Structures are given as C-alpha cells and as structure tokens.
Amino acid sequence: GGSPASSPVLGGRGRAAAGGSGPPGHAFRRVTLTKPTFCHYCTDFIWGLAGYQCEVCNFMSHEKCLKNVKLPCSCIAPSLVRVPVAHCFGPPGHYKRKFCTVCRKSLESPAFRCEVCELHVHTDCILFACSDCRQCHQDGHLDHDTYHHHWREGNLSSSARCEVCKKTCGSSEVLSGMRCEWCGILAHAACYIIVTPECTFGRLRNMILPPSCVQLLSRNFSKLHCFRISENLQTESDEDDDVDGSTQGSAKDVQISTDSSKQTLKIFDGNDAVKRNQFRLISVPRIAKNEEVVEAALRAYYINDDQQEYELQTFTQQVLLSDDVINRNDAAEDSNLGSVFRESVPEAWIIRAKPKDEEVIRIYPAWLKVGMAYVSLRVNKDSTVQTVIKEVLPLLGRQTECLQNFKLVEVLMGSKQVQRMVLDNQELILNRFKDIRKTSIRQMNQTRFYIVENSKSIVQVNLFVGGLPPQLSREEYTNILKEELAIKTNVVSVSHVYQAQGAVILQISCFSEAERIYMLVKDTVVNDKPLNAVVIPEVMASKIPQNCCPLLVFVNPKSGGLKGRDLLYSFRKLLNPHQVFELTNGGPLPGFHTFSKVPSFRVLVCGGDGTVGWVLGALEEIRHKLVCSEPSVAILPLGTGNDLGRVLRWGAGYSGEDPYSILVSVDEADDVLMDRWTILLDAEEPAEGAENGIAEPEPPKIVQMNNYCGLGIDAELSLDFHHAREEEPGKFNSRFHNKGVYVKVGLQKISHTRNLHKDIKLQVDQHEVELPSIEGLIFINIPSWGSGADLWGSDSDNRFEKPRIDDGLLEVVGVTGVVHMGQVQGGFRSGIRIAQGSYFRVTLLKPIPVQVDGEPWIQAPGQIIISAAGPKVHMLKKSKQKQKK
C-alpha cells in the first residue's frame with residue numbers, strides 16, 4: 001500500500017513515475033527527420049534521418065540518449081507536483097526565443113508567461129500546464145519550513161553553465177537545462193538529480209523574504225491580486241480568451257488535412273469542453289483502427305493511459321443541446337466510422353472513460369511526510385469517502401486517531417487556479433470519479449485527493465484601502481466605509497489607521513466579504529478621489545532568520561522610458577514577489593506597512609529623483625510605526641535627471657543591466673547619511689484669480705527637499721518642460737527625447753534680461769547677503785545638478801567648506817541665464833558661489849517660478865524658509881571596488 005520510496009518529495013521529479021525504469025511517462029517512437037533537429041536531452045544536433053519523438057509532449061532524442069532520459073513527460077507532470085500552487089498569468093504577449101513548457105515547441109504567436117516563475121506556455125496549452133508555480137507564501141494548505149529546489153526546465157541563456165559538471169547547459173534551439181527558481185542554480189537534465197534537494201536561496205539569500213515567513217489566505221483572490229500586479233494591460237476576459245485559444249491553437253498544429261488518405265477529427269474530452277466549444281483537432285489515417293483513433297485522441301489531451309480504458313462517442317449538433325450525451329456501444333460506433341470518413345467536415349467525437357468496478361486511487365497526506373508522497377488504495381463500487389479515510393489512516397501511521405478529525409479533499413490543480421472541495425463522507429468514491437471524467441478527462445488527470453485534518457481555520461484577510469480624506473479618526477473612517485461600501489462590522493474591523501495619508505488597513509474574517517469590498521473599492525469615489533485597495537500579506541517577523549535583511553523593492557513603472565515594467569517582472573522572479581511593490585498601486589504605504597514588523601530591512605527604489613523623494617517622504621511620515629525605523633535606501637535610477645543616483649554611484653540611468661547583478665550591488669553597498677531639508681512657502685498676497693477681489697491668502701505650504709531647489713530661470717525651464725509633458729505624455733518615454741525638449745525650451749529663453757536679484761532678497765543664517773546680477777538662484781544639497789553637472793565647481797575656496805551630502809549645510813549658487821546654464825552642463829564653467837549655510841530666508845517681491853527636486857510651480861510673493869529636516873536619512877552608496885568603467 002505504499003508508494004515508491006524515491007517519491008517526488010525525496011528524490012526530485014521523474015523517478016516516481018513508471019516505477020523508475022525507462023523514460024517517465026513518454027511514448028517514444030522512431031520518426032524520420034525532415035529538417036535540422038536537436039536532441040532535448042544532450043542539446044546536440046541529431047545527425048542522420050532518424051530520431052525518437054514522444055508522441056505526447058514532442059520530446060526529441062537520439063537513440064543513444066533514450067535510456068538516460070529522466071525528464072518526465074507533460075502527461076505525468078501533475079503527479080509530480082509537491083505542493084499545488086497556481087500560476088499567475090498576465091495578458092498574452094510575444095516572447096522571442098522562448099519555448100512552451102507543455103508541448104516544447106517555440107512560441108511564435110502570442111503566448112502566456114507566469115509573472116512569478118519561468119513558465120512560458122502557448123494559449124492553447126495553458127489548460128494542460130498544471131499548478132506547479134513556486135510557493136511564495138503559506139496559505140494554510142501544506143505549510144512547511146524546509147524549501148526544496150523548485151526546478152523549471154528550459155528557456156536558459158545559451159551561456160548558462162551547469163553547477164555540477166561546469167559545462168554549458170542552456171540552448172537557444174530547444175527546451176533544455178534546469179534552473180531552480182529560488183536560488184538560480186543551473187544544471188543539465190542529467191545532472192540536476194544529483195543536486196541536494198534542500199534549497200538555501202543562493203547568493204541573494206539575505207535579501208529574499210523567506211516564503212515560510214509570509215502568510216496570505218487568498219482563497220477567492222486571483223494570483224494577480226495576491227501579488228498586487230496591475231491588470232490594466234488585461235483586455236479580454238479569461239473566458240473568451242480560453243475559447244478562442246484552444247480552438248485556433250490546436251488548429252494550427254494539425255492543418256486540416258488535404259492528404260486524401262488522412263482524416264481530421266474534432267475531439268472533446270467531456271461535457272465541459274462541449275459547453276465551452278473547446279476541442280482539439282487530430283489527424284488520423286482514413287483506414288485507422290478504432291484503437292488508434294482513441295490513442296491519438298488521448299495524446300492530444302496529454303494523457304498517456306491505456307487506450308483500452310477509453311472509448312469515443314460521436315455526437316451530433318442536437319446532442320449538444322441536451323445535457324447528457326447519448327451512450328453508444330462499440331458496435332454502433334464501428335459501423336458509424338465508415339460514414340464519417342466520406343465527409344470533408346471534421347466530425348466531432350467525445351472521449352469517454354469506460355466504467356470500472358474497482359480502481360486504485362492515490363491519497364496524499366496534507367502534512368508533508370518524508371519518504372511518502374502518497375498512499376495507494378484499492379477501492380470498489382461500495383467504497384465511500386468514510387471507508388477510504390478509515391483504510392488510509394493506518395497506512396499513514398495515524399490509526400489511533402478518531403475518524404471524525406479527518407476529511408477527504410478533492411483538489412483540481414489547474415494552471416490558473418487550485419480548486420479545493422471537501423467530499424461528503426457518504427459519497428461513493430467511484431461515482432465521484434465517474435462525474436469528474438464525464439466533465440473532463442483532462443481535469444481527472446489534474447485532480448488529487450488529500451486527507452486533511454479538521455482544524456479550526458482562522459480566516460483573516462488584510463486589505464489596504466487608500467485615497468480616503470486625511471486626518472480623520474478611526475470612527476470617522478469606519479463611518480465613511482459603512483456608508484460607501486456597506487461593510488459588515490461583525491466581520492470587518494479597522495486594524496491600522498494612517499491619518500496623514502488617508503489610508504486604513506481592514507482586517508476581514510470572511511472571504512466573500514473581503515472579495516466584495518475589494519471589487520467595490522475600485523469603483524468608489526470619496527470627495528472626488530477614487531479609492532484604491534491592495535491585498536496585504538502578513539509577514540511573520542518572528543520567523544525571519546537572524547542574518548536576513550530582506551529588500552523592499554518599489555518600482556515606478558511610469559519612470560524613464562517605461563523600463564519599470566520589465567524590472568518589476570525580473571525582481572518578482574529573483575526575489576519573493578511579496579517584497580516587490582508597484583508605486584502606481586497605492587504608493588509606498590502598502591510596502592512599508594507590510595514590512596512594519598520586520599526587524600531589519602533595506603529599500604530599493606526604482607524611479608527618477610521625484611520617485612525617490614516620494615518614497616523618502618512617505619518613510620519620514622511612517623517611520624515611528626516601523627520596528628526598523630531607519631532602513632537604508634538604494635536607488636536604481638530610471639528617470640531623466642537622476643542626480644541623486646549619480647552622487648551615490650548608481651549611475652546616470654538604467655540601461656538594461658542584468659537585474660541580478662544590481663541586487664548583488666545593493667547587497668554590497670555602503671551605508672551613508674544624507675541631509676534632508678524642509679522648505680516652508682508662505683505667500684503673503686492672495687492667490688490671483690480669486691472671485692470678486694476678496695480672497696483668503698494661501699495657507700503656508702511645506703515641501704521636503706533632497707537634491708536642490710531653484711528659483712528663476714532654472715525653474716522656468718522645468719515648468720515649460722512640465723507643461724509640454726502634460727500636453728502629450730505619450731511622447732515622453734525616452735530620456736533622449738526628454739532632454740531634447742529641455743534644450744528647445746531653453747533656446748526660446750536666451751534673450752532674457754538679468755534682473756532676478758532685484759525681485760528677491762536672501763538671508764543666510766540671519767545675515768543679509770547681497771546678490772550679484774543673476775537670472776537664477778539655486779540651493780544645492782548634493783554635488784550634482786541638472787543631470788550630472790557640478791554647479792559648485794571643484795576649485796578650493798577658503799571662504800567655504802568643501803560640500804558634502806551630510807554636513808548639515810546647503811550651497812547657494814547663481815546662474816546668469818540659459819547660456820551660463822548650458823556652459824555649466826557642458827562642464828566649461830561653474831556657477832557663481834554666493835553662500836553656504838544651514839538656515840535660509842528668501843523674500844519674493846513678485847511671483848517667481850520655483851522648483852524643488854524637479855517639481856516646478858509659480859510661487860506668489862512672500863517668504864520662503866529653508867531649514868534642516870528631522871534626522872538624516874540612511875542611503876546606500878554603491879561600493880567602489882565593484883564599479884565597472
């Protein structure tokens with residue numbers, strides 16, 4: 001009653017199948033090669049005219065390699081899954097030089113890829129991929145703390161080297177080579193079996209948020225919601241998508257045969273396929289025996305069972321309307337075949353399983369037991385769920401326990417969703433099998449039965465709701481949510497309130513209520529602001545290993561030439577997707593809240609200087625609620641200017657470097673401190689354009705500054721650029737174009753007169769400073785301005801200290817106009833040094849353009865006060881020895 005000792009739990013994949021002898025699950029037969037072909041096992045060219053191909057999954061092999069093939073066929077892939085985890089498919093896209101995991105052919109047409117693991121799959125193969133994604137969090141099913149390598153085959157770069165034998169194991173010609181999706185270790189199909197099964201997460205282990213520390217009960221939420229992946233790219237709904245996919249896709253494999261000796265048939269695998277009109281096409285000889293047709297039909301559905309257990313039934317259009325398909329016996333079927341072959345229209349058939357009186361079923365324990373993946377049990381037509389539980393418990397060493405403490409759960413391991421259903425104790429097992437097979441033979445192949453302990457499971461979903469009016473009390477927020485979303489207060493409570501940001505965290509103890517609120521929030525507007533909702537995972541801080549300092553990644557997908565989207569995908573793959581946050585989805589707050597209990601973490605911000613300022617500002621506001629109140633921040637510059645990125649040696653802008661090496665640099669980076677400044681803008685006169693002349697003066701505005709603040713010409717150019725970008729945002733997706741626009745607006749301002757010094761007064765550390773004749777006044781905190789220019793200059797000057805980013809001082813510099821700014825940018829001149837200090841008061845005598853860290857506006861006459869803000873921030877500076885020229 002046991003299972004092979006080398007079960008998938010212990011010995012990796014493949015050995016459990018077919019009793020360990022021969023290629024697992026494949027149906028190889030000799031084929032004549034008509035075009036250049038490579039072996040999927042050793043990746044070498046197959047010389048001569050003969051090769052061996054699996055009829056189910058198209059695995060191609062030399063004759064000499066056949067005996068070594070250990071990789072399982074797609075048809076038995078579902079039986080080798082350790083823990084069923086659904087994939088997370090985004091919208092279909094075009095992926096060059098990639099291969100489908102199911103049918104092993106290259107992806108020419110639009111195809112799907114999983115956003116969390118390296119699975120690539122054709123539109124019509126997606127149904128046959130099973131739920132073998134990597135497990136990124138505990139979800140209350142099959143939770144455990146030891147992690148095994150999560151192997152995925154193929155789609156490696158051709159330079160990939162095997163960890164075991166150090167030879168190349170990648171190929172751009174076929175699906176070959178194995179990669180662990182946690183630690184990134186690479187190996188040949190022949191070598192990966194010898195690698196020790198435990199995974200230690202590789203070089204990035206200290207930055208990865210360990211999946212055993214993350215909990216997310218996500219029953220009804222799609223994978224895209226769980227990993228907060230924006231769906232704005234998704235156009236059609238899944239249903240239509242599937243129907244089109246499976247009909248067209250299979251038609252492309254089997255062209256309607258023009259060869260008169262061949263016949264094309266439409267094959268359905270059950271009632272579900274008939275309802276959705278999803279069929280596969282097969283091509284068989286006109287004089288084929290019944291068995292051959294059945295076999296071809298099963299192979300089209302990736303099933304390698306004995307064809308004698310199945311039969312084909314014809315059906316006509318009328319049958320489609322009635323729910324059940326009429327049963328025909330074999331005799332009728334055979335006599336029918338003759339008539340079919342005379343018509344040119346593909347005839348439709350359904351695969352049906354023949355009824356059996358007894359079967360062997362596999363029962364999987366829901367607790368991972370070493371050395372035993374499942375228990376096999378023989379059942380007959382009298383066996384009920386209860387008798388099965390009774391017989392299984394002794395085999396698992398739990399015979400002393402009470403039957404009532406256990407239940408049998410049917411799990412359908414679909415590629416997009418893992419569906420669980422508790423079976424009724426009195427249900428007859430063979431009837432259940434019959435029902436599943438009637439619905440779909442493919443689903444039967446992807447279905448498992450688990451024996452599960454009844455435990456009081458606590459349901460808890462955490463939802464972040466943002467976009468609410470700021471500075472209200474917990475009661476006021478609860479009332480707004482009651483009015484707008486009709487929340488049920490017996491299952492929903494407000495667990496955290498972020499008043500300054502107008503956001504709350506809801507704790508919900510009912511799945512359907514959580515889903516209802518999530519969907520409703522998206523269409524709700526409060527005070528003309530749309531609300532947003534984010535599903536928040538729970539990080540169990542006590543389980544995080546001592547030396548682990550996970551990296552919290554924020555990406556702004558809109559920054560700098562839209563490279564952010566590819567980075568999001570890469571970082572989700574390299575780390576745990578739960579530590580990667582998209583800033584367009586609720587801002588930085590959901591990320592900081594998720595990490596609020598983590599004892600020590602670092603932050604990586606991917607975006608322009610504006611994005612960095614946004615994250616630092618949010619960190620400043622929420623710092624007192626974090627256990628790690630001063631995380632160090634690294635930058636991956638994606639914007640146009642990236643001055644802060646340059647100063648901290650992260651470079652002038654991301655140009656497609658390998659995301660893995662970026663993470664290694666972040667791990668090795670040095671901690672430095674940086675000053676931040678608060679700017680208080682107090683306009684004395686009322687804002688212009690007020691009604692009937694009587695107007696309130698504007699309330700004082702407070703902004704934070706990291707890099708620089710400019711008055712006059714510098715801010716005016718920035719403002720013109722800003723307006724141009726707002727008019728036609730679509731054009732501003734490359735740095736080169738953005739810089740071109742800056743030059744154009746600059747040329748229009750060349751003839752300006754120099755009299756800014758007459759319109760403003762400057763006081764530094766309580767002393768009046770006389771201004772020379774200038775057109776722009778700039779306060780700089782870092783030694784890089786306007787995309788890398790050194791405005792202060794490198795000459796030593798005994799009047800001033802040498803500028804540093806953590807000296808508590810700002811440098812004040814003047815420029816005489818656009819031409820002077822151009823010369824500074826070109827490195828021919830520096831600015832006019834005016835002062836250095838830690839407290840500044842500027843008096844504006846008329847409206848003047850102002851910009852802070854690239855955000856420009858027109859400031860009304862009044863006072864501007866600049867002073868040091870709170871504690872210095874910890875930044876990460878790329879360490880020198882690794883910097884490439």
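Keep in mind that glycine also has a Cβ here, set from the backbone N, Cα and C atoms.
Heads up, TrEMBL stuff is auto-annotated, nobody curated it.
The compositional bias 'Gly residues' annotation in TrEMBL covers 11-23.
Marked as domain 'Phorbol-ester/DAG-type' by TrEMBL: 25-73 (among others).
The domain 'Phorbol-ester/DAG-type' feature in TrEMBL is assigned to 86-133 (among others). Shown for the domain 'Phorbol-ester/DAG-type' (86-133): DSSP residue counts in helix, strand and coil, namely 6 helix, 12 strand, 30 coil.
Mapped onto DSSP helix, strand and coil, the domain 'Phorbol-ester/DAG-type' (148-199) counts 3 helix, 12 strand, 37 coil. As annotated by TrEMBL, domain 'Phorbol-ester/DAG-type' applies to 148-199 (among others).
Residues or ranges marked as domain 'Ras-associating' in TrEMBL: 357-456.
Here TrEMBL flags 546-683 as domain 'DAGKc'. Per-residue pLDDT, averaged along the domain 'DAGKc' (546-683), amounts to 90 for this model.
According to TrEMBL, the feature region 'Disordered' maps to 1-23.
DSSP states for the domain 'DAGKc' (546-683), grouped as helix (H, G, I), strand (E, B) and coil, give 52 helix, 31 strand, 55 coil. Sorting the domain 'Ras-associating' (357-456) by DSSP state (H, G, I as helix; E, B as strand; all else coil) yields 30 helix, 38 strand, 32 coil.
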